[in-house]
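Record features, source Swiss-Prot:
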- 40-172: domain 'EamA 1' (DOMAIN)
- 219-338: domain 'EamA 2' (DOMAIN)
- 28-48: transmembrane segment (TRANSMEM)
- 59-79: transmembrane segment (TRANSMEM)
- 93-113: transmembrane segment (TRANSMEM)
- 124-144: transmembrane segment (TRANSMEM)
- 158-178: transmembrane segment (TRANSMEM)
- 197-217: transmembrane segment (TRANSMEM)
- 228-248: transmembrane segment (TRANSMEM)
- 255-275: transmembrane segment (TRANSMEM)
- 293-313: transmembrane segment (TRANSMEM)
- 319-339: transmembrane segment (TRANSMEM)
Amino acid sequence: MQFFCVNLYRSVLNLLEERMKTEMIEEMVIVGGLVMVQFVYAGNSLLMSYLMSLGLGPFTIVIFSTFATFIILSPFAILFERKQWPNELSLRLIGKLVLISFAGVTLFQSLFLEGIRLTSPAMATAMPNLAPGLIFFIAWIVGLEKMNLKCVYSKLKILGTLLCVFGALAMSVMHSTSISHKEEDDTPIFVFDRDKVVGCIYLLGAVFVLSTNVVLQASTLAEFPAPISLSAITALLGVLITTVVLLLQNRKTKVLASSLISFGNLVGYSVLAGAVSGACVSFNGWAMKKRGPVFVSMFSPFATVISVAFAVLTLGESVSLGSVGGMVLMFVGLYLVLWAKGKEGFSEIESFESEFDSKKPLLS
């Protein structure tokens, strides 16, 4: 009996070691992919800024690029994920899909673009860095993020999230402040601007909508475990809802608001942006399915780091000491969260080994 228990113990340990190796490789793929996604997002923002500088309206870009995302992702969804589709679409699942589309495409874009118009691009870049903290809080409330305040790893996750948020905000705000001081030395420091206050409220609303939408996506993936299909469906619904909203607002939707860009170039840019966005959203959905919404959101401040680095390398802008300090805080916070979540994942293995310690007799 003792010989059988020893062999069983060793075989289970071997299986656990193989599982740990597989999870380590998967972890490297997820982390590397999420960093690359932020590089792509930063480049996509530059492309969108360039298109708007040519006179294209932001909603025109959103509608074209989102529809291109649907066209590009649909064949892959049918080819690779058809077996994962549910047999029946419940009213609850349909409601979630419509809500994700409305919140992620129409409502978020409306609030975010209005916030940019009333404030500044620098403030709009800083505000989304609040998303990891909000996503952590919302996921905790709805039960998608495991938390035990008596556990040291849970406390480290909270500390790491706060450090990441504060560091990203400090980096972006300090960087934009150093630029504004160079350009506007004679401007008073304390000036109450009603439009900027309202714009900040719009941006906060956009960040809250984005955070809620990310958690809702994670919840929907449990019922609809097909991230590519989910991205394609929500892209199509988002285009339809955005178009209807624009028509209800009696806005004239001009396809070409500027003669600087041809229709063919617009289609080409839209296909490029749609392909990039579709790939990134699908990978984020897969990573969210594997590691949860909080883990994925912790990488979003990387876009700010990339934007600052690009401004320094190409535009010759200087980086203040506060920006460097914020960057250090952000990376420390990110490392704490990754380390704590990894330790939480292997806590079950450690508890198993403690129950079957090889130094203790198996039979008593």
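Backbone N, Cα and C define each Cβ position, glycine as well.
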Compare 59-79, 93-113, 124-144 by their Cβ pairs under 8 Å to the transmembrane segment (228-248) and return the stretch that comes out on top. 93-113
Surrounding residues of the transmembrane segment (59-79) on its own chain - C-beta under 8 Å, 6+ positions past either end: 48, 51-52, 105, 109, 113, 226, 228-229, 231-232, 235-236, 238-239, 242-243, 246, 253-255, 257, 266-267, 269-271, 273-275, 277-278, 281-282
When pLDDT is averaged across the domain 'EamA 2' (219-338), the result is 76
Helix, strand and coil residues within the domain 'EamA 1' (40-172) as assigned by DSSP: 112 helix, 0 strand, 21 coil
